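Colleague: Before anything else, here's the structure in question.
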Amino acid sequence: MATMNTDATDKDISRFKVIFTLVVSGIECITGILGSGFITAIYGAEWARGKTLPTGDCIMLMLSFSRLLLQIWMMLENIFSLLFRIVYNQNTVYILFKVITVFLNHSNLWFAAWLKVFYCLRIANFNHPLFFLMKRKIIVLMPWLLGLSVLVSLSFSFPLSKDVFNVYVNSSIPIPSYNSTEKKYFSETNXVNLVFFYNIGIFIPLIMFILAATLLILSLKRHTLHMGSNATGSRDPSMKAHIGAIKATSYFLILYIFNAVALFLSMSNIFDTYSSWNILCKIIMAAYPXGHSIQLILGNPGLRRAWKRFQSQVPLYLKGQTL
């Protein structure tokens, strides 16, 4: 069995590293929580009023809510791993944090993948019968697909709770020069099981992303050839929709690949627990959901308008509170 082992003591992490990590990742998490919370509040309010949400908005609600949970959970894990190390390094607590983090990451990826597939089916134009069938059925099938995605994410994250992670604290490591003892934190990861369950959980949604992006590019090429040398081509709404969807998909893939690598490296214990590389992984992991939430708001005209209204109302509310 291939395993990765690390150990660390309280002396291995400086106060500067603790403060730096908490501040930087905290700013990223709070930014993401505000962005995801805003999207959740907008669509959640419409749903609470009894309105039937369009399929795209329903996916956005699921994605933003799961991402809100992910960012809150990551913030809690950073606080516990840096400030409450004895509690965090209890085997049950450590495994709980890791399993839920992977589950929320996988769920987020699935929801984002279905969002891209949905917009691909709306925007792209092909004459293939299978494409037409998917285009007609996607609205009916989407609630079932979202529920199935949660079950799949759970099925590939729950096995990580057994025979993958093992941590413990030794409180009796002697320090001869001080005639005292110090706490030492040991962690062990079964790299083979982690690689299998982690990668198989992200493989299918990543393939869906790549297929959606490929179909959009092919559809854009066909549309461009059809338009020919038409002078209004650059202002064509269909072309703008294609380009916008391709850009959004590309940005997400870049963000997610960095996040996936950082999350895997952090969980595999390749780096020492409190090394600068591990801290960098925490910062990258916090940046991904925040960055994508901002991209979703900026790329959606309705959310942009709602955000501008929100910005204009905040000063009025604060002014009223001071009177």
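Glycine residues also receive a Cβ, built from the backbone N, Cα and C atoms like all the rest.
Here's the feature list from Swiss-Prot:
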- 1-14: topological domain 'Extracellular' (TOPO_DOM)
- 15-35: transmembrane segment (TRANSMEM)
- 36-58: topological domain 'Cytoplasmic' (TOPO_DOM)
- 59-79: transmembrane segment (TRANSMEM)
- 80-100: topological domain 'Extracellular' (TOPO_DOM)
- 101-121: transmembrane segment (TRANSMEM)
- 122-140: topological domain 'Cytoplasmic' (TOPO_DOM)
- 141-162: transmembrane segment (TRANSMEM)
- 163-190: topological domain 'Extracellular' (TOPO_DOM)
- ASN170: N-linked glycosylation site (CARBOHYD)
- ASN179: N-linked glycosylation site (CARBOHYD)
- 191-211: transmembrane segment (TRANSMEM)
- 212-247: topological domain 'Cytoplasmic' (TOPO_DOM)
- 248-268: transmembrane segment (TRANSMEM)
- 269-276: topological domain 'Extracellular' (TOPO_DOM)
- 277-297: transmembrane segment (TRANSMEM)
- 298-323: topological domain 'Cytoplasmic' (TOPO_DOM)
Colleague: Taking the topological domain 'Extracellular' (163-190) alone, what is its mean pLDDT?
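Modeller: Averaged over the topological domain 'Extracellular' (163-190), the predicted model reaches a pLDDT of 64.
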Colleague: Which of 15-35, 191-211, 277-297 has the most Cβ pairs closer than 8 Å to the transmembrane segment (59-79)?
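Modeller: Between the stretches 15-35, 191-211, 277-297, 15-35 has the largest tally.
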Colleague: Give me the stretch from 15-35, 101-121, 141-162, 248-268, 277-297 with the greatest number of Cβ pairs under 8 Å to the transmembrane segment (191-211).
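Modeller: Result: 101-121.
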Colleague: Go through the chain and flag residues at least 6 beyond the ends of the transmembrane segment (248-268) whose CB is under 8 A from any CB in it; none is fine as an answer.
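Modeller: The answer is 4, 98, 101-102, 105, 109, 112, 116, 165, 189, 191, 194-195, 198, 202, 206, 209-210, 212-213, 216, 277-278, 280-282, 284-285, 287-289, 291-292, 295, 299.
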Colleague: Against which stretches of its own chain does the transmembrane segment (141-162) lie, if we need a Cβ under 8 Å and a gap of at least six residues from its ends?
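Modeller: Here the qualifying positions are 55, 58-59, 62, 95, 98-100, 102-103, 106-107, 110-111, 114, 118, 193-194, 197-198, 200-201, 204-205.
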